[in-house]
């Protein structure tokens, strides 16, 4: 492949620019490192969906295969024909949270909501300007989204952290204590590790946590079936879409969070590469169109929708490699592993408590980022009012007993069952309609 003039190579001192391909050996090495960053996110989505839908062994293997293949395929497509940046595409936390909320309604409701809202996003990316949505999602609203995604996931992690999902026969407090050890250890690694190695904290946390649970005999006694080495993937569930209002509104809100996340990821990378805003807007429209398309594919297959990961700009800055072909290589690795179910099965054997603990450490970093953003964009007391009230409302909904929500009519039930929907709606109302802004 002939080297091309790179974006931002000389200006930022990168070893390889956006459109330049490193030598094949280096390219594989860089791509493998990026896959190590993608792997924990894939594993988290698989583990939580496993509990939400009670997978059989075969269903779990198929779900892992589809998750690897779809994430890998769209990482390839986005890096080559979408945004054209070195950015990872993986399961979105906002989509994962929505799947957990909608699981009691059945996977058909998840399929319908994801497909419908994915089509809406793709259509919107084609006909509207992305700047039209930016003015709604102010820094205050983005801070609320970051906090609520983290806080709303915590109730779904309690069963894993205490060993209720996949019991090991040991007391719950023992499992919880070991889980806290993994949380603190992962957070400490993230703080102490320097440079590029810091990005491996989650992966080290998963490996080290599994070793700790093995020593303490906290590994759940699972099934011993072993998958074949090579197998074409199949659907783990039938395609039978339903479109209840609760699913549609919940998925619309999660897609709004994905749009905000994607804008932040690409804008961050564009700033690292000194990219012009006009070029960024074109890349963003192509990226959002493909995000919607990936949502349709994930909806049909019953997997978690994708997002462009915000960690990518940091990876580029640490490696000093801005080549989009590194992300392409990472996508190829994930895609190939999706056809190797034996590896997929081994990945699914990581204790759920370990995955939940590592995710808690990551959510802690997300909350810290939200606090930092709130501090940097603080203008007046109204900002703290908007953020504080919105987060409290979201937490109240997250902690509300299930029976209270089930007693309410359908539309009201939507807001009493989904803390992300309720909190973001309150944030938008307070930010744009109720609490008037004073002088900065």
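Heads up, the Cβ atoms here are built off N, Cα and C, so glycines get one too.
TrEMBL has this to say about the protein:
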type	residues	note
TRANSMEM	24-49	transmembrane segment
TRANSMEM	61-81	transmembrane segment
TRANSMEM	101-128	transmembrane segment
TRANSMEM	140-159	transmembrane segment
TRANSMEM	171-189	transmembrane segment
TRANSMEM	196-216	transmembrane segment
TRANSMEM	246-267	transmembrane segment
TRANSMEM	288-311	transmembrane segment
TRANSMEM	323-341	transmembrane segment
TRANSMEM	353-374	transmembrane segment
TRANSMEM	380-399	transmembrane segment
TRANSMEM	411-430	transmembrane segment
Stretch-level contact, the transmembrane segment (411-430) and the transmembrane segment (323-341), CB cutoff 8 A, at least 3 pairs: no
Closest-packing stretch to the transmembrane segment (323-341), where packing means Cβ pairs under 8 Å, from 61-81, 101-128, 140-159, 288-311: 61-81
Contact between the transmembrane segment (246-267) and the transmembrane segment (24-49) (3 or more Cβ pairs under 8 Å, separation 6+): no
Same-chain residues near the transmembrane segment (171-189), Cβ under 8 Å, at least 6 residues beyond its ends: 160-164, 201-202, 204-205, 208-209, 212-213, 216, 218, 353-354, 356-358, 360-362, 364-365
The transmembrane segment (140-159) in contact with the transmembrane segment (288-311), cutoff 8 A, at least 3 CB pairs, sep 6+: no
Proximity of the transmembrane segment (61-81) to the transmembrane segment (196-216), 3+ C-beta pairs under 8 angstroms: no
Beyond the flanks of the transmembrane segment (288-311) by 6 or more, those residues with Cβ under 8 Å of it: 37-38, 41, 45, 49, 63, 66-67, 70-71, 74, 77-78, 82-83, 87-96, 99, 107, 110-115, 117-126, 130, 199, 235-237, 239, 241, 254-255, 258-259, 261-262, 264-266, 268
Folded-back contacts onto the transmembrane segment (380-399), same chain, C-beta under 8 angstroms, at least six residues removed: 140-141, 143-144, 147-148, 151-152, 154-155, 374, 415-420, 422-424, 426-427, 430-431, 435-440
Outside the transmembrane segment (24-49), six or more residues from its ends: residues with CB under 8 Å to it: 55, 60, 63-64, 67-68, 71, 75, 86, 88, 90-91, 96, 99-100, 156, 160, 196, 199-200, 202-203, 206, 303-304, 309, 311, 315, 319, 321, 323, 325-330, 332-334, 347-348, 350, 352, 355-356, 358-359
Contact set, same chain, for the transmembrane segment (196-216): CB under 8 Å, 6 or more residues outside the stretch: 33, 36-37, 39-40, 43, 170, 174, 178, 181-182, 185-186, 189-190, 311, 314-315, 318-319, 350-351, 353-355, 357-358, 361-362
